[in-house]
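Here's the structure, in structure tokens; my notes come after.
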There are 2 protein chains.
Amino acid sequence: MGEATIERTVHETARREADAPRSLVARLDRPLTLESGAVLGGVRVAYQTYGALNAERSNAVLICHALTGDQHVANVHPVTGKPGWWSTMVGPGRPIDTERFFVICSNVLGGCMGTTGPASLNPETGEPYGLDLPLVTIRDMVAAQAALVDHLGVRDLFAVVGGSMGGMQVLEWAASHGDRVFAALPIATAAKHSAQNIAFHEVGRQAVTADPDWREGRYLVEGAIPRKGLAVARMAAHITYLSEPALQTKFGRNLQDRAARTFGFDADFQIESYLRHQGQSFVERFDANSYLYVTRAMDYFDLAADHGGVLAKAFQRSKTRFCVVSFTSDWLFPTEDSRQIVHALNAAAANVSFVEIETDKGHDAFLLDVPELIATTKGFIDSAARARGLPPA
Amino acid sequence: MGEATIERTVHETARREADAPRSLVARLDRPLTLESGAVLGGVRVAYQTYGALNAERSNAVLICHALTGDQHVANVHPVTGKPGWWSTMVGPGRPIDTERFFVICSNVLGGCMGTTGPASLNPETGEPYGLDLPLVTIRDMVAAQAALVDHLGVRDLFAVVGGSMGGMQVLEWAASHGDRVFAALPIATAAKHSAQNIAFHEVGRQAVTADPDWREGRYLVEGAIPRKGLAVARMAAHITYLSEPALQTKFGRNLQDRAARTFGFDADFQIESYLRHQGQSFVERFDANSYLYVTRAMDYFDLAADHGGVLAKAFQRSKTRFCVVSFTSDWLFPTEDSRQIVHALNAAAANVSFVEIETDKGHDAFLLDVPELIATTKGFIDSAARARGLPPA
């Protein structure tokens, strides 16, 4: 390992740590007993809030982020300098209007943006946890969020909203803390992770752990970063977030600036250089061990299995209003997955609406400025707010 | 690198080389001028034949193999000990009946089972070519096959048959040497590689080249093998050969023998251990640089682009009879790709039939014992044989 690389590694670790204070951090005063049975003490939850809690404490909205998201839902990201990942959806005058709602978004347990995760210091050793952090599940992530919400003095959430892994957390909130959730908006998600999705995650994990710079998970201690492995993992995953028609429209077989094929292994095609860029930029902002932990949490998610194999039982006697959203070209979490959620909610006699949005943007549509998604969210939130007796915007 | 690994590497290189003589090898007496413009001398083409050429030399069938296939279409594979990769389709009494036809199958140019490829010795250096081998294309593969067919004293092929990349070769044969092809059966293929497929290939190549044991392509000289990278590439690719419903049926979320989740990163789910096995066993039989070359050849394939952007022009005045086959659950080469071939053949007024076979087996269906595929092939071959005036079986 060259000196430049070591310097870079140290610089980045420092940068990541220095970033944490830019978010608020709640230090949980009680240890979390995880689904695995392990007890995790000293948990920190990094979060952002937007807007103000009303006097009745009835206008709080929790946003749950996806696999590689974070708490910076509606502010400029401190590492990438890009707008918040859901600034189309959350902000002044947006469907989740920060002039109307008190919006909370926290980094998930196991993440790498300030919440306790494998890159956090293990208080027992003074070194980053690495693989010594116990495995966390979607239910554990939700438990940490619930502790944060308590910490903020909020009992009832007006709404819990999220897409993809965020949608899994929404479903878990409705199942585990249904009495605290007035409205739930799970988008492009599933009540269990499919075999194909587990397969893609396993490829990503193998790519990370195949990188010798992963150092059996001890790369932070040893001053390395498994860049190449994590980039490959991201590239494979990124394909699954898009759709074949969108790739065809956006890239097709277009070549890079060069007019002709080079008859070599450079990125001749635009899609190749696009993917390589996605892989490389991901490494700048994400921790490799976090990628292992959070993908594993998704793989383990199976809400029916937690309720005797019957998904409807997860939502028994639910008073929560649901709006379930899927996208026609999403092949990672296809509409069929959303339909299974809706069937279970119907079987539980829950209040549910279901919207399948026509788009060629694939799974990533939940993050994009898709007018029908914006309109659906606004309609659902406004209607639920009226039902909740919140003043109009 | 440990001694055991070095020994294993040497052993395997030796085994692979020792294997070549088990196939027949044609040494082309003229250099090939490749599509890139490079001139490649000393080309060897390893092949197998089955059955006998008739006196009229009119019963030759060329089988074209897919990305990781080889010439061992209907005999026990000398490395894996498994039956030939298409023994359901080729053999005595099979649709491509070796008691009736003279069947030829050769390892593709760029391959690693005896035909000249990146693992072959470069006569100029006495070392394996590695990345010094010029890039080859599907058209170059077909040129090498044509030279082999000449070498065997065969002018006209009764049929050219293949699936996936083999189907690309079938289309290229019909386009470049149409007057030598009586019947063509391209299965589960496309006239051009899609953006999504290029993307998956690029992930695989990045996985290989990210492995430090790839040694910038010089691993054979340096006594290494990029096992981990190649295994990851294979795992990602393998997912694309299957279908979500098939994965769901075969594996679902089934756990391994252990009754419960381990809350760790072992292969808890059956799909994980299946994929890991696919990756590991692939490394035993395939050369990493070959994987780069052959995936690149597929990416470069765009038959319309070679004919002024109009696919129909590739088949102008074609006298070949075509049967185009696709599978409903194949998302790598979806039916739409086959339809585009059929439209072009129709526009060129070619003789074409088209069969879309209902199956949940995904792209891999072309390799499997799918009764409708067997029946379609038998029907097409028998009918073409009658039209060719070949005696019945």
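Including glycine, each Cβ sits where the backbone N, Cα and C put it.
What TrEMBL says about this one:
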ACT_SITE  B:S164  active site, nucleophile
ACT_SITE  B:D330  active site
ACT_SITE  B:H363  active site
BINDING   B:R234, B:D364  substrate binding site
DOMAIN    B:59-368  domain 'AB hydrolase-1'
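Taking all protein chains in view, 23 other C-beta atoms sit within 10 angstroms of the C-beta of B:D364 (substrate binding site). Over the domain 'AB hydrolase-1' (B:59-368) the predicted model carries a mean pLDDT of 96.
There are 23 other Cβ atoms within 10 Å of the Cβ belonging to B:R234 (substrate binding site).
Proximity to B:D330 (active site), judged by a C-alpha distance within 10 Å, picks out B:H363, B:D364 from the recorded positions B:R234, B:H363, B:D364.
In sequence order, B:A66, B:L67, B:I187, B:A188, B:T189, B:L332, B:F333, B:H363, B:F366 constitute the residues six or more apart from the residue listed as 'active site, nucleophile' in its chain with CB-CB distances below 8 Å. In the three-state DSSP reading, B:D364 (substrate binding site) counts as helix.
All protein chains shown were included, and the count of other CB atoms within 10 Å of the CB of B:D330 (active site) stands at 29. B:S164 (active site, nucleophile) carries neither a helix nor a strand DSSP state and counts as coil.
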